[in-house]
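Colleague: Sharing a structure with you now.
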Amino acid sequence: MNIGIIGGGAIGLLCASYLTQYHDVTVFTRRNEQAEEIRAFGIERTVKGETCQASVHAQTGITGEFDLLIVTVKYHHLQDVLSELSTLSPHRILFLQNGMAHLLDLENWKTGHSLYIGVVEHGAMKMSDHEVNHTGIGIIKWGAFQHEAAADIKKALNETSFHFQMVYMDEWKKLLQEKLLVNVCINPLTTLLHVRNGALIQNPSYEYMMKCAFEEAVSILSLPEKERLWAYVNTVCENTAENQSSMLQDIVKGRQTERKAILGYLLKKAQAQGVAVPHLTFFDRSLEVLEKKQTKSFE
Ligand code: PAF
């Protein structure tokens, strides 16, 4: 397939570096310097101490015809990307944002494109404009947002590397809720504590705080199967133990975080339900302060 990947962050580089093994891939970046660097050096991906180079096309400005476009930008850049995508002929577009705030934007988007939604369970760190570390091998689960999934995409995305599986699922809403739960348990705490994901299950005090966030989120989202979900959150911490969560990476690099897409979404829901969520509220306010302070270090 001819695949366009929108966004040159950690997840964009990771997806491009694996998908290019089976497909013709173009990465769309915001900055021209990044596109130039990717064209010159390819994408260097390091996984389990081994580095390999993947060659892909790279450009700014989303133009061309693709069998599939994959949007990997953070939620706060989504509106700009949707405006650009509105100018294209109908495409099949897969969205890989954290949180659930983007669902509302997609529901309200009047478009002829066919939309798909996915969740990323990989840990990845962008080391430079063309280098990415695959710090946690997970999986990408995806489903059809409004349309039936095209059989050719399902088949083509099944052909992926062992370290980068893309699995089709019918229940995308459940997937997103469960991923939101993972993100609200892992991202704010790792950022506030300045620790890698694994610390949350290695230190009992951190684990206790994570459980408090878990209980509040599960109740807001009315999720059944609490035991399975707690085990799932723990498994993601284990699989991505060496990873700095994306929120921690954002704070360290002085970038805007996904606080609103993750905590903001849940706090709004809690407010609508008239439920008090003291831990999530505390995380949200503390992160807001941290965002303004911009601590640029990670020991
Ligand atoms: O946002 C992240 O960092 C990732 O979604 C995850 C799975 C929590 C791993 O760090």
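Any Cβ shown, glycine's included, is placed from N, Cα and C.
Heads up, TrEMBL stuff is auto-annotated, nobody curated it.
In case it's useful when we look at the structure, here is the feature table from TrEMBL:
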DOMAIN    3-146  domain 'Ketopantoate reductase N-terminal'
DOMAIN    176-282  domain 'Ketopantoate reductase C-terminal'
Colleague: Considering every residue in the domain 'Ketopantoate reductase C-terminal' (176-282), what is the mean pLDDT value?
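Modeller: A mean pLDDT of 96 is what the predicted model shows over the domain 'Ketopantoate reductase C-terminal' (176-282).
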Colleague: Looking only at the domain 'Ketopantoate reductase N-terminal' (3-146), how are its residues distributed among DSSP helix, strand and coil?
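Modeller: Tallying H, G and I as helix, E and B as strand, the rest coil: 38 helix, 56 strand, 50 coil.
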